[in-house]
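Undergrad: Sharing the record's features from Swiss-Prot:
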REPEAT    1-31  repeat 'Kelch 1'
REPEAT    32-79  repeat 'Kelch 2'
REPEAT    81-127  repeat 'Kelch 3'
REPEAT    128-175  repeat 'Kelch 4'
REPEAT    176-222  repeat 'Kelch 5'
REPEAT    224-278  repeat 'Kelch 6'
REPEAT    279-326  repeat 'Kelch 7'
């Protein structure tokens with residue numbers, strides 16, 4: 001696949017969200033993007049639920065989420081959207097699970113989680129949902145792996161994760177669930193563990209070389225990229241924004257040795273990232289001082305270097321993001337206050 005030139009990338013402003021927010025969750029299904037929950041200007045979780053239609057460039061409000069919450073885990077099962085856990089209006093984790101039927105336009109309560117939790121990582125395969133980790137009411141990280149059986153409407157406990165954590169990144173590849181990073185209380189975890197759905201067992205993979213919070217993970221071809229982030233301050237060490245890039249080779253099963261010349265051009269944490277047209281993209285986030293960034297860059301996997309992209313029209317951090325129809329969408333987040341901006345990075349045909 002021919003990797004596009006950075007000059008061919010452009011940003012486009014799309015219809016803004018109906019209200020400003022942060023920590024909303026995005027999901028693509030049936031060629032549309034759904035935005036669920038989030039926090040308002042006062043940090044109060046919201047019950048908003050909207051769908052974006054790319055043809056009309058329009059957000060349409062749908063029946064409100066029965067339980068207002070932010071930072072929910074979401075997944076699509078055919079024409080149903082499942083919303084799991086998150087933070088409720090009392091600022092505490094919830095155990096509520098709700099399912100929206102797209103054809104009927106209705107919400108239904110489903111069997112609750114075994115314990116209230118926020119920061120759960122969710123993957124789905126063959127109409128089965130797998131929920132890993134989370135943080136409970138006592139602020140302790142969970143090591144639970146639970147599988148939801150849609151036909152029986154019940155959660156079944158599977159082998160616990162070797163490293164308890166919340167806010168991890170998980171993705172499915174074949175019949176394996178890869179779980180990376182996350183946090184325990186305020187501190188970052190560099191554990192990398194893989195659950196085999198068929199053998200129902202966990203394998204520990206080599207740890208992420210650089211431990212940091214607010215980094216991003218992107219998969220592209222047979223590589224997994226761990227990007228940027230914040231090295232947390234402890235005792236005498238100051239917190240530090242990072243340019244670091246670690247790359248895991250899925251075929252060889254190991255982290256590659258990285259030259260400093262392969263690192264990001266700009267130090268950043270809490271940014272938008274995704275794989276787009278054969279390149280790894282990072283945009284916005286928080287940088288030194290700390291300042292909200294507008295800069296964006298694209299990694300060329302053959303040249304092993306980052307190149308500058310056009311800046312984001314609205315500089316911001318803590319955006320929700322999704323790769324959708326060959327675009328990387330940056331939704332909401334924090335600029336000077338909360339933002340309702342929706343912007344798409346795409347490769348122009350010209």
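Cβ coordinates come from backbone N, Cα and C, glycine included.
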Undergrad: Under an 8 Å Cβ to Cβ limit, what residues of the same chain, 6 or more beyond the ends of the repeat 'Kelch 1' (1-31), are close to it?
TA: 37-41, 46, 48, 50, 52, 54, 57-59, 61, 70-76, 79, 81, 83, 87, 102, 277-279, 296, 298, 300-302, 307-313, 318, 320-322, 324-325, 327, 329, 331-334, 337-348, 350
Undergrad: DSSP helix, strand and coil counts for the repeat 'Kelch 7' (279-326)?
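TA: Per-class counts: 0 helix, 25 strand, 23 coil.
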Undergrad: Restricting to the repeat 'Kelch 4' (128-175), what is the model's mean pLDDT?
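TA: For the repeat 'Kelch 4' (128-175), the model's average pLDDT rounds to 96.
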Undergrad: Using DSSP, how many residues in the repeat 'Kelch 2' (32-79) fall into helix, strand and coil?
TA: 0 helix, 22 strand, 26 coil
Undergrad: Rank 176-222, 224-278, 279-326 by Cβ pairs under 8 Å to the repeat 'Kelch 3' (81-127) and hand me the top one.
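TA: Answer is 176-222, with the largest number of Cβ pairs below 8 Å.
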Undergrad: In the repeat 'Kelch 5' (176-222), how many residues does DSSP call helix, how many strand, and how many coil?
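TA: So the repeat 'Kelch 5' (176-222) is made up of 0 helix, 25 strand, 22 coil.
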Undergrad: Helix, strand, coil: count each for the residues of the repeat 'Kelch 4' (128-175), based on DSSP.
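TA: Residue counts for the repeat 'Kelch 4' (128-175) by secondary structure: 0 helix, 22 strand, 26 coil.
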